[in-house]
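Undergrad: Let me begin by handing over the structure; questions about it come next.
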Amino acid sequence: MAPKHPSYNPKASMDNEHSPHHPLLPAPEDQFPATGNTSAIVSSTKWVLKLAMWVIFSVWMVVIFLYPSSFASHLFSEWFGASGQTLFGITGAIFLTFSAPLLAIAILAAVYLIISRDDQPYERRKKKKNGKEKPRWRLWTLPVLVEGPLEVVTAAELVGILVVLGYVFWALYSYTLRLLATDFSRNLTFLQISCEVLEVMGLRLGSMGLFCLGFLFLPISRGSVLLRLIDIPFEHATRYHVWLGHLTMLIFTLHGLAFVIQWLIQGRCIEQLLEWKDIGIANLPGVISLLAGLLMWITSLPKLRTINFELFFYTHQLYIVFVLFLALHVGDFVFSIAAGGIFIFMLDRFLRFIQSRRTVDVISAKALPCGTVELIISKPRSLRYNALSFIFLQVRELSLLQWHPFSVSSSPLEGEDRLAILIKVLGKWTEKLRGKILNDKAKEISSDKHQSVMTVSVEGPYGHESPYHLMYENLILVAGGIGISPFLAILSDILHRIRDGKPCLPKKILVVWAIKNSSELPLLSTLNVDSICPFFADKLNIDISIYEGEIQPSKVTSICPLSKGCNMSVLVGTGDNVWSGLYVISSTVGLVILVSLMDFYYINPFNIKKWWYKGLLFFLCMVASVVLFGGLVVCLWSLWEEHISSKRTTHNNVNDIEKVGEDIPKDTLAQKDLNPKAFANSTTIEYGTRPNFDEIVESVAETWGKVDIGVLICGPSTLQSSVAKAIRSHNMVRRRNHHPIFHFHSHSFDL
């Protein structure tokens, strides 16, 4: 039997492993466990909060779905008319009906996350009487559509798609019925009736587009409390933004076309396009908003985006023009339909802006043999992330605007003050990055006075609130090329947990890695198993199958260490729940205060009637509430983090000096090849072939038994589709009673 690590305590490991309250990411507060009474109060409070959020959400959805019907339209007309004499007027009534529920859920979600911060982020699996795990079906991990324009779609995602499409078709059906019931005057000609029909349908398409717009910005609010509440990582939510974007722009385009055709029939198209009314809809701002949206839509199409990513990225900054001129186009009360989702995005965007202003210390930058770059970045000890996290990176010497996402390749347990990322050279930006590192290295060799400078900013980390790789006792990790990067972090995280006696479910892992040639093999050597947990075989079984397309020798690696900047900011991503919750609450309260003051001291006393102007003022109130009220919380948050960091730095200063030699390994990736000791007995390499996932799934099904198996995939869409197809085929067709259930998890970074 392998010797036990000095820090390994089997009893402690067993106690931790079965403790239902022990967090996977321990916090200092864990030193003071809650009493039974406190735990009961917290559980009751969480139950009440969840019930309240579900009730608000359900009622909100019912209101949105009923809105197109004639019965609901009559009720809403009376409600909006009765509110006209109040302080907030019809704008307040519409905001309260369609946007306030979303903000209320966000506030409740913030409170829920605050009191749940010490909860264990995975559920203990139900056991059978014989002690074996009972496999369960889960809609969000069951792939049902694996080919087509949407790529891999799970059952839960399909349900969401059907709900959204159901609303669209229901709204069109209801509006069509109401239109057919309209009694047009018999004195009107066919063209005049056509114009009336086009105008009515144009207005109603615009209303549908506003409801879609209210959800469009939610998935791209990267650190949003809403995404963290339902534990949807940003890389998954981005797909929903793409789908909603196509639907929203299609509806808005039809909305604009309906009016353009009407004006062409009437012979006053140019006049109407340039019209800017004070009372009523201002057409010219709508034209500008629609043109900005069309530019973003066209350049985001897959083929154009692949050809010129920079064009897609830069045109997408027109979202500011799109939203601002939409507010000018429809006025404050119509704009308030979609204001809730836009406000949530503003909250997230302001935090990201503040975080991205800080330049980050790059501990080292390496150009690796397989066309890959490794960056090791400094981070504060208080910054929390997990092995499935990713960051957005900006290198100012390459571009002042471009941000690119990369998965973290290090475990949060490896080092408290740094994280690592691996970057595959695939496009112009990554090629420039590798070229800069090589050029700086060459200049350092030729001139002793040359000092390499790389000005780096970071947003994040983002990802799952709960590390779902720790939810399964059995894992299959499928990687394509550089897709091995997050799985190195996962393996390191699991090994560290075994070594330290922390809660860790995985007991059996199969790694399937498809690579082009042998130059990529040294990537596996970044995982130094002997130094992390030499006795892991007692607790964990790891098998690695490598499929190599061709044989190609490794090239020489160039290394360029450098240092510039400071630690990452902790303001976004998986930051402090208390401060992020206060930020959301204070900004929302600030919005209500500013709008109240504006209505009480300016709008009503001075009888402001211009729609576009009131829309502009409402938009400015949204921005000001985030900057002023939210900014105050951000300032206090930053001061608090600096205070905590300084205390930790002072406390750990001596230990850091002692560990400086052991934290940075002497054997760099440039000096190592595939480590023969790490997984020598469990690694197989097949040359000139690709993995057959149907065979792999069926083989595992026969040998692993009736269990839940988490299948994590990181690689190109073709790889994900192949794995999803094999999983769907087994789960739905070939699965027998004694077979496992495979759960699909995509870890894609094609953002």
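Residue positions begin at 1 at the first shown residue.
Placed from the backbone N, Cα and C atoms, the Cβ positions cover glycine too.
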Undergrad: State the residue range annotated as region 'Disordered' by TrEMBL; the candidates are 1-20, 121-140, 641-660.
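TA: Spelled out, TrEMBL records region 'Disordered' over residues 1-20, not the other listed ranges.
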Undergrad: Looking only at the domain 'FAD-binding FR-type' (355-468), what are its DSSP counts of helix, strand and coil residues?
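TA: Tallied per class, the domain 'FAD-binding FR-type' (355-468) gives 22 helix, 41 strand, 51 coil.
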Undergrad: Six or more residues beyond either end and a Cβ under 8 Å away: which residues meet both conditions relative to the transmembrane segment (87-115)?
TA: 42, 45-46, 49-50, 52-53, 56-57, 59-60, 63-64, 76, 79-81, 211, 214, 224-226, 228-229, 332-334, 336-341, 343-344, 577-578, 580-582, 584-585, 588, 595-596, 599-600, 604, 614, 618
Undergrad: Any residues 6+ beyond the ends of the transmembrane segment (201-220) with a Cβ under 8 Å from its own?
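TA: Same-chain contacts beyond the flanks: 64, 67-68, 98-99, 102, 164, 167-168, 171-172, 175, 179, 226-227, 232, 234, 237-241, 244-245, 247-248, 251-252, 254-256, 258-259, 262, 326, 330, 334, 337-342, 344-345.
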Undergrad: Based on Cβ pairs under 8 Å, which of the stretches 159-180, 240-261, 615-640 lies most in contact with the transmembrane segment (578-603)?
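TA: Most contacts with the transmembrane segment (578-603): 615-640.
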Undergrad: Apart from its near flanks, which chain residues at least 6 from the ends of the transmembrane segment (615-640) lie with a Cβ under 8 angstroms of it?
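TA: Distant Cβ neighbours of the transmembrane segment (615-640) are 91, 323-324, 327-332, 335-336, 339, 342-343, 346-347, 350-351, 354, 569, 571, 576, 579, 582-583, 586-591, 593-595, 598, 602-603, 608.
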